[in-house]
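A.B. asks: Take a look at what Swiss-Prot says about it:
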| type | residues | note |
| --- | --- | --- |
| SITE | 13 | site 'Important for substrate specificity' |
| ACT_SITE | 71 | active site, proton acceptor |
| SITE | 72 | site 'Important for substrate specificity' |
| SITE | 154 | site 'Important for substrate specificity' |
């Protein structure tokens, strides 16, 4: 095996971050049920999804090198916050994040036909107190619609962040250090 991988994700952010690692990859998307199971903890949920995405890539026939699956979830009060379904959902989410610290969990998994290895990276992010106008203006920008928790730290949403403790890149969607370390461990066997 070489350091080349498959990236089982349509995310342009994950593509960009994996490129930064200098790892050769081919990108494709998988169709996976991303529903959270009843009573499933956010940590278990995000890790299960990353593993599911990687294993789904293997099931599609991508078997000559490791398949990388990843998922990110924003958590506040031990509740997972998904991508906003509409402006009302988004407004409710950002009001919960406003003036508070939340966790961003990003899971990374590598899979082949005979093994799966995964890890979860947790980062604490603190938001300033947001006005209704800031929340509405941010929604109108179009940026929050496809983001877990309704914001992108690497874009306009970054201006709401007063403090971060952990991996910035995990919040964006792929923790660089941990991804590289996990791949090295995976390839060593």
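Using N, Cα and C of the backbone, Cβ positions are placed for all residues, glycine too.
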A.B. asks: Around residue 72 (site 'Important for substrate specificity'), how many other CB atoms lie within 10 A of its CB?
C.D. replies: 25
A.B. asks: Of the recorded positions 13, 71, 72, which one sits closest to residue 154 (site 'Important for substrate specificity') when you measure Cα to Cα?
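C.D. replies: Answer for the nearest of the recorded positions: 13.
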A.B. asks: Counting every protein chain present, what is the number of Cβ atoms, excluding its own, within 10 Å of the Cβ of residue 71 (active site, proton acceptor)?
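C.D. replies: There are 26 such Cβ atoms around residue 71 (active site, proton acceptor).
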A.B. asks: Sequence gap of 6 or more, C-beta under 8 Å: which same-chain residues meet both conditions with respect to residue 13 (site 'Important for substrate specificity')?
C.D. replies: 152, 154, 172, 173, 174
A.B. asks: Using DSSP reduced to three states, classify residue 154 (site 'Important for substrate specificity') as helix, strand or coil.
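C.D. replies: Residue 154 (site 'Important for substrate specificity') sits in coil per DSSP, no helix or strand.
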